[in-house]
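Colleague: Let me give you the structure first, and then I'll get to my questions.
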């Protein structure tokens, strides 16, 4: 029986694309490009550091990825800009259905497991007004690895006192879905973009940076096991969990 629902943060509960407003203000006309390449390199650097055994916390990785991205445009980040970007990342917009989804999942244990550094995650959750929605906000920093390393998912067992069979893991990121399934969790993928919608964007002509991001990050990975469930939005998750757990969840508002 499911006793805990554990969420990825970036891209699942919080929209990483919302940082584009800040990058566009800083570099008009180049904000979308910066946002997409930055996120891509952020993920790549976390995986490369994990493979090389050279851990740095997620804000360090994020700064490295931003420096790379600006370098492709011949730009150098200054400390003022980096401070602004840190604030932007700590104030990412939660998806519109996130708060309601979390409320409806009570009294099951609700947690975040994220690559984010502890201070980043605490600020992110607090700024969104969601602190009371979680029993735990778990950072991989405690293990000095990044998802999808198995040690990162083991933190859920240690912190929440549950077995993999008692966890439903929720993510919109293909690499995270694969990692969580590999660890032994039941997994629900939030599929906000249908294959049909993506195909229409890809054949429409010029591929915008955001469309490329969708192609790279918003599909299931072919190398990994498929998720147990697919939901189009977080608002559909409580109904799924009720069916799985027979749980007495908070009523929909």
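Using N, Cα and C of the backbone, Cβ positions are placed for all residues, glycine too.
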Colleague: For the (S)-2-haloacid site that Swiss-Prot assigns to 9, 10, 114, 115, which of 39, 91, 144 is also named?
Modeller: 39
Colleague: Which one of these stretches, 159-164, 165-170, 171-176, 177-182, shows up in Swiss-Prot as region 'Important for catalytic activity'?
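Modeller: Of the candidate stretches, Swiss-Prot labels 171-176 as region 'Important for catalytic activity'.
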Colleague: What's the most sparsely packed of the recorded positions 12, 114, 115, counting other C-beta atoms within 10 A?
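Modeller: If we count Cβ atoms within 10 Å for the recorded positions 12, 114, 115, the smallest count is at 12.
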Colleague: Using the Cβ centroid of 9, 10, 39, 114, 115 as the reference point for the (S)-2-haloacid site, which residues of the same chain not in that list have Cβ within 8 Å?
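Modeller: Neighbours found: 8, 11, 14, 16, 58, 116.
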Colleague: Please list, in sequence order, the residues in the chain of residue 147 (site 'Important for catalytic activity') that are at least six apart in sequence and whose C-beta is under 8 Å away from its C-beta.
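Modeller: The list for residue 147 (site 'Important for catalytic activity') reads 8, 113, 115, 140, 153, 175, 176, 179, given in order along the sequence.
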Colleague: Relative to the Cβ of residue 9 ((S)-2-haloacid binding site), which residues of the same chain, six or more apart in sequence, are found under 8 Å away?
Modeller: 112, 114, 116, 121, 124
Colleague: Between residue 39 ((S)-2-haloacid binding site) and residue 12 (site 'Important for catalytic activity'), how many Å separate their Cα atoms?
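Modeller: Taking the Cα atoms only, residue 39 ((S)-2-haloacid binding site) lies 14 Å from residue 12 (site 'Important for catalytic activity').
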Colleague: Sequence gap of 6 or more, Cβ distance under 8 Å: name the residues on the same chain that satisfy this around residue 10 ((S)-2-haloacid binding site), in order along the sequence.
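Modeller: The answer is 16, 92, 114, 115, 116, 173.
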